[in-house]
Amino acid sequence: MEASISFLGSTKPNLSSLIPSSNVLHRRDSPLPALKLKKVSVFPKILHQNRLIRAQCSDVLAPNEDDEFVLEDVPHLTKFLPDLPSYPNPLKESQAYAIVKQTFVSSQDVVAQNIVVQKGSKRGVHFRRAGPRERVYFRSDEVKACIVTCGGLCPGINTVIREIVCGLNNMYGVNNILGIQGGYRGFYSKNTMTLTPKVVNDIHKRGGTFLQTSRGGHDTAKIVDNIQDRGINQVYIIGGDGTQKGAEKIYQEVERRGLQVAVSGIPKTIDNDIAVIDKSFGFDTAVEEAQRAINAAHVEVESVENGVGIVKLMGRYSGFIAMIATLANRDVDCCLIPESPFFLEGNGGLFEFIEHRLKENRHMVIVIAEGAGQDYVAQSMHASETKDESGNRLLLDVGLWLTQQIKDHFTNVRKMTINMKYIDPTYMIRAIPSNASDNVYCTLLAQSAVHGAMAGYSGFTVGPVNSKHAYIPISRVTEVTNTVKLTDRMWARLLASTNQPSFLTGEGALQSVIDMETQGNFDNMKISSI
């Protein structure tokens, strides 16, 4: 029996015809064993801010109706290849796993998206727990895997590549692994290279990507044609929001053609703007490296009279790097991010705060995310909006603009002598290898992706949800952008640390921010590119 359901908000269709009469829910082609259920009269409610949710009834672990337990499951190859055979997992014979108390993840194991609850709270959304399964759907000697990296650079990419290769080889005995060079277009216009543990042995010590990268170039039909022609049956795609949307399209085309190909995404974004997961790899390294730039700016401005230092950090749509780097440093006087509007002149404006801080301390450090204040810059420079090959809006240099605005105001209006210092460490941060913390994180991501693909899952991405790694539908991590919530405590902690103004004057401004956060309606945060 196989059925699916789609409905909006709390509206529930009549599903009595889809619910089996017995208390065992089972599907002939499901990779899961029969699930023991309590008495269920209707399909569990799926509520998430009136967002359309789809779930297959045979994949939902349904406790009491009132619990509103939701499993947002990932596709499995048996969904469209019902007769696909399975095999014992080779990890059963692994010396490394011999002493592990529970080698394999149970099909009943799920990870809750929300772990802060109150008495009587509904159980809410869950994801399937990542890790090795007792049965796999690929014979090791028949696996032909490929790895591709797309989009901008980020610390840790080479570690992910290395650990996918080593994970496939060391844990599952896979020897046939290809590296696709130059991003998505490398599938049909570039050479490939053979990857072995020896080839990738020390690449984690280098920055960048061993396989090279590019933006754009996604042509679903050409890519899947190439996958099919080469006999590839596992595809590992490392990239950000647009890249993961491309991975979803590849999975959909693979399913349409009925190919035994597992498509696994590993989310990559230095800005930490991927939704659902706790954080993205490379973020910790970026925050750590940003400290060097902030410290340098502080030394510079502290050594001169009325020194004002500006450090521009990454953050196109999300200000997480700027916010966390500021909190970690404690020498920053003001942090400006895309999510928080600010203004220069007038009561409570940035100029007034700078003048106050210079009178108080004789120096000041400002950290600004690259996406902050873009509307002001565009108006000042009369610039039109342009986009790169990935469809991302090309940002104007807000750091240089703000430096000039501050200099002009205090020199011409306030008649004060100030010493401006501007530091942009963007490419220095992107290009370094990952630190120890990110190396461990990248290893877990890579191994989770390998376990998922070998277990027959496809069209999924991996990442930690409340510190537990999970398999997440790709559509869930690409539907919205993860942004700093100005109404959350972390931003309040920053304001308390810097003592900067919030730049939100009056109830109207604050309510506007609350409304935008509730609706997820930041226009400049919509991304639809591949």
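A Cβ is built for glycine as well, from the same backbone N, Cα and C atoms used for every other residue.
According to TrEMBL, the active site, proton acceptor annotation covers D271. The ATP binding site feature in TrEMBL is assigned to G152, R215, G216, G240, D241, G242, T243. Annotation source TrEMBL lists Mg(2+) binding site at D241. Taken from TrEMBL, the feature substrate binding site applies to T269, I270, D271, M314, G315, R316, E370, Y427, M428, I429, R430. Summarising the annotation, TrEMBL assigns domain 'Phosphofructokinase' to 145-451. According to TrEMBL, the feature site 'Important for substrate specificity' maps to G242.
Highest Cβ count within 10 Å among the binding-site residues G152, G315: G315.
For the binding-site residues G152, R215, G216, G240, T243, a Cα to Cα distance of within 10 angstroms from R430 (substrate binding site) holds for G152. Among the binding-site residues listed (G152, R215, G240), G152 has its Cα nearest to the Cα of M428 (substrate binding site).
Taking the C-alpha positions, the distance from G216 (ATP binding site) to G315 (substrate binding site) comes to 20 Å. In this structure, the C-alpha atom of R215 (ATP binding site) lies 14 angstrom from that of T269 (substrate binding site). There are 19 other Cβ atoms within 10 Å of the Cβ belonging to R430 (substrate binding site).
On the 0 to 100 pLDDT scale, the domain 'Phosphofructokinase' (145-451) averages 94 in this prediction. All protein chains considered, the CB of D241 (ATP binding site) has 28 other CB atoms within 10 Å. The maximal spread of the substrate binding site, taken as the longest Cα to Cα distance among T269, I270, D271, M314, G315, R316, E370, Y427, M428, I429, R430, is 17 Å. Proximity to G240 (ATP binding site), defined by a C-alpha to C-alpha distance within 10 angstroms, is shown by the following binding-site residues from T269, G315, E370: T269. With respect to their backbone Cα atoms, E370 (substrate binding site) and the residue listed as 'active site, proton acceptor' stand 11 Å from each other. Closest to G152 (ATP binding site) by Cα-Cα distance, out of the recorded positions T269, D271, G315, is T269.
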